[in-house]
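Peer 1: Feature table excerpt (Swiss-Prot):
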type	residues	note
ACT_SITE	R150	active site
ACT_SITE	K175	active site
ACT_SITE	H231	active site
ACT_SITE	R234	active site
ACT_SITE	H257	active site
ACT_SITE	Y266	active site, O-(3'-phospho-DNA)-tyrosine intermediate
DOMAIN	9-102	domain 'Core-binding (CB)'
DOMAIN	115-279	domain 'Tyr recombinase'
Amino acid sequence: MKLDLGSPPESGDLYNAFINALIIAGAGNGTIKLYSTAVRDFLDFINKDPRKVTSEDLNRWISSLLNREGKVKGDEVEKKRAKSVTIRYYIIAVRRFLKWINVSVRPPIPKVRRKEVKALDEIQIQKVLNACKRTKDKLIIRLLLDTGLRANELLSVLVKDIDLENNMIRVRNTKNGEERIVFFTDETKLLLRKYIKGKKAEDKLFDLKYDTLYRKLKRLGKKVGIDLRPHILRHTFATLSLKRGINVITLQKLLGHKDIKTTQIYTHLVLDDLRNEYLKAMSSSSSKTPP
């Protein structure tokens with residue numbers, strides 16, 4: 001994140017000054033929330049002037065983060081990775097704060113093993129859609145598959161953000177703070193038109209909390225034997241988009257990735273599929289060819 005935060009005050013409340021500097025510099029809401037939480041946690045732990053922090057203070061703080069119980073849902077591997085990612089972001093935030101106040105001590109940034117990208121195939125998608133008995137549930141699945149929206153982005157969509165004439169949605173509450181446009185199919189438009197009938201422009205499209213959405217998808221997935229979570233549908237959108245010919249730069253814009261390297265993870269997944277199909281086909285043909 002390349003933001004000009006200016007210089008810190010010589011005295012006074014460094015924490016609030018840092019957060020205000022982030023806001024003035026145009027940091028996204030997600031960044032501000034993360035940095036404020038991480039730096040507050042760090043300051044509460046060391047309980048001293050941060051300009052006098054030592055390497056020992058930093059090591060004790062990181063150790064305390066590692067020993068805390070996480071609140072992430074999922075299996076043990078998923079929980080462990082999520083915790084590692086959170087700690088990494090906390091450390092990045094505190095490093096930025098310490099650099100801003102001209103403290104030379106820096107905590108090392110731990111590496112996090114890349115998470116395996118899972119996506120549904122066409123058969124699994126149809127199974128999930130068939131398991132939806134309510135228009136609302138089917139619309140949620142279709143929108144996530146059509147748009148690749150993050151769960152929190154979907155839950156922030158208002159009725160007025162939807163353009164039925166042009167099959168598009170204006171996404172305002174994004175991870176990087178930048179608005180973007182996403183699109184949906186005619187089939188999804190029919191569901192949308194039916195679902196929003198009678199709703200006001202300022203109404204939320206789905207008046208749900210993240211936990212409620214998460215549990216809803218898990219229940220739907222359980223019906224058909226699939227581990228269904230919001231981000232798996234985002235991965236599915238990205239993977240299918242590339243397979244259907246959308247170029248990686250366009251996909252980057254649709255997904256709202258600042259760094260194209262994040263988007264390129266999906267190109268590797270598609271290449272793996274192509275390689276497997278090639279090897280399967282060549283193996284089959286060679287077995288039929290006489291020596």
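Placement of Cβ uses the backbone N, Cα and C atoms for every residue, glycine included.
Note that this is a predicted model, so its numbers are computed, not measured.
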Peer 1: If you run the three-state DSSP split on R150 (active site), which class comes out?
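Peer 2: The three-state answer is coil.
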Peer 1: In the predicted model, what is the mean pLDDT computed over the domain 'Tyr recombinase' (115-279)?
Peer 2: 90
Peer 1: Tell me, in order along the sequence, which active-site residues from R150, H231, R234, Y266 have their CA within 10 Å of H257 (active site).
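Peer 2: Within 10 Å Cα-Cα: none.
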Peer 1: Would you pick out, from the active-site residues H231, R234, H257, the residue whose Cβ has the largest number of other Cβ atoms within 10 Å?
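Peer 2: By the 10 Å Cβ neighbour count, R234 comes out on top.
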Peer 1: How big is the gap, in Å, between the Cα of K175 (active site) and that of Y266 (active site, O-(3'-phospho-DNA)-tyrosine intermediate), rounded to a whole number?
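Peer 2: Rounded to a whole number, the Cα-Cα distance is 19 Å.
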Peer 1: State the three-class DSSP label for Y266 (active site, O-(3'-phospho-DNA)-tyrosine intermediate), counting H, G and I as helix, E and B as strand, and everything else as coil.
Peer 2: helix
Peer 1: Between R234 (active site) and R150 (active site), what is the CA-CA distance rounded to a whole number of Å?
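Peer 2: Cα-Cα, rounded: 7 Å.
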